[in-house]
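What TrEMBL annotates here:
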| type | residues | note |
| --- | --- | --- |
| BINDING | His172, His237, His308, His514 | Fe cation binding site |
| COMPBIAS | 525-539 | compositional bias 'Basic and acidic residues' |
| REGION | 525-547 | region 'Disordered' |
Amino acid sequence: MDIIFGRNRKEQLEPVRAKVTGKIPAWLQGTLLRNGPGMHTVGESRYNHWFDGLALLHSFTIRDGEIYYRSKYLRSDTYNANIEANRIVVSEFGTMAYPDPCKNIFSKAFTYLSHTIPDFTDNCLINIMKCGEDFYATSETNYIRKINPQTLETLEKVDYRKYVAVNLATSHPHYDEAGNVLNMGTSIVEKGKTKYVIFKIPATVPEGKKQEKSPWKHTEVFCSIPSRSLLSPSYYHSFGVTENYVIFLEQPFRLDILKMATAYIRRMSWASCLAFHREEKTYIHIIDQRTRQPVQTKFYTDAMVVFHHVNAYEEDGCIVFDVIAYEDNSLYQLFYLANLNQDFKENSRLTSVPTLRRFAVPLHADKNAEVGSNLIKVASTTATALKEEDGQVYCQPEFLYEGLELPRVNYAYNGKRYRYVFAAGVQWSPIPTKIIKYDILTKSSLKWREDDCWPAEPLFVPTPGAKDEDDGVILSAIVSTDPQKPPFLLILDAKSFTELARASVDVDMHMDLHGLFIADMDGDAKKQAASEEQRDRASNCHGAPPT
């Protein structure tokens with residue numbers, strides 16, 4: 001597994017033209033922008049965890065049937081400090097860095113004190129966020145970095161704390177039709193309280209306030225939810241939305257703040273301060289976007305760990321939401337580089353398998369319903385919500401599919417009733433071995449896989465003017481453990497899951513995490529290209545996609 005995880009990757013600063021086989025749809029014009037860890041050793045020092053690696057951005061620019069690739073390390077303050085020192089000097093979540101032993105005792109003492117309330121890293125290696133016309137590399141700290149999506153140049157650093165009191169924030173925000181950003185973060189012991197803060201960043205500066213050019217200055221707190229524990233808030237990686245509600249899972253995978261405050265002195269990583277409490281409940285918080293207040297009914301389910309929400313929607317007085325859930329936190333443990341060794345296959349069999357689970361929550365619980373009765377009357381799911389004596393509601397999910405991660409949907413259906421999940425397929429291993437299209441309605445699936453190929457998160461790009469939810473393409477960056485097979489960008493027809501094209505590049509490509517597609521073609525031109533593409537398909541034998 002060292003060929004995938006442990007080796008530092010080389011930048012490809014100048015665009016390199018890919019070798020394209022097959023036919024790229026004429027309407028597909030734009031840039032696939034991706035982010036993930038690319039450097040795990042600096043000098044003779046080494047990160048402990050794969051998620052600690054220095055951020056490496058890469059992009060595939062698609063224009064007129066040609067594809068160009070480039071990559072560049074995020075020039076964060078963290079990157080610059082490490083490279084200048086030729087060692088890891090900035091702590092990451094799974095790796096604690098310590099001062100140069102040559103420094104004097106006063107410098108060491110100051111460094112210890114500064115870690116009591118840690119100033120987190122700006123190594124933004126997880127995702128790409130769009131805010132207005134700008135793009136940012138993000139992680140889960142209070143820092144994000146603006147980037148140039150064309151050149152991958154690193155621009156200014158933004159500190160969430162200047163606009164909203166959060167120490168941690170998710171890398172999976174949501175966007176409304178106007179492009180406004182909805183995200184959430186954790187405010188740790190702020191004025192004696194620890195809370196989860198949902199906040200909104202406008203896409204543009206509001207009318208009448210044009211003297212302030214930055215939308216960031218108009219960030220507003222949408223809602224806040226008190227943590228059930230002052231010193232042990234829940235870890236979370238994403239959250240869900242519907243047209244009228246926000247769904248947040250307060251899970252028993254919690255961060256011990258007291259341990260974190262002393263971790264540096266104890267020579268322990270911040271990750272060691274995370275613990276899963278399997279005897280506790282997972283609380284389901286529902287926030288009404290119209291009133292900006294939580295629904296008062298207490299909903300809960302069994303202990304679980306969720307990194308990725310898939311989608312959510314409203315139906316017949318209920319909220320239906322889908323997540324990828326684990327029985328415990330063993331997945332995070334497996335990604336320590338010490339575990340990604342020759343015993344990897346055996347180690348991976350000890351981890352919890354991710355399952356696609358569907359929950360249903362009643363928005364207006366019947367007060368006259370009998371204790372123990374199921375409050376869900378939705379025909380589309382077997383998920384239940386059982387009324388308890390104290391008025392709480394115990395939610396049991398419907399298990400839809402086993403072995404999915406990194407889920408994506410057609411974003412036009414985000415927060416709405418939908419049918420298809422596009423995801424990476426995993427089983428005992430956390431490393432994806434295939435790409436899956438799962439049909440929630442028919443409970444069937446389509447798969448793409450190829451020997452020695454490891455696909456990244458599949459991203460759906462819709463055909464302009466599409467009427468069907470799955471009318472579009474799937475893009476996935478593929479790395480290979482076969483030295484004779486160069487990495488490539490895979491383009492699949494999202495309906496049939498047949499390969500339309502692949503673009504191979506002779507570069508040192510890394511396994512990434514998340515990203516987005518930036519279209520650079522106006523709407524009329526897109527529709528014309530899509531219309532031509534549809535005519536091509538119709539003239540092809542039995543409507544099969546051309547190759």
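Cβ coordinates are placed from backbone N, Cα and C, and glycine is handled just like the others.
Feature map: TrEMBL annotations on the structure.
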| residue | record | Cβ neighbours (10 Å) |
| --- | --- | --- |
| His172 | Fe cation binding site | 21 |
| His237 | Fe cation binding site | 15 |
| His308 | Fe cation binding site | 22 |
| His514 | Fe cation binding site | 21 |
For the Fe cation site built from His172, His237, His308, His514, further residues of that chain with CB within 8 A of the site's CB center: Ile126, Asn127, Thr170, Ser171, Ser238, Phe307, His309
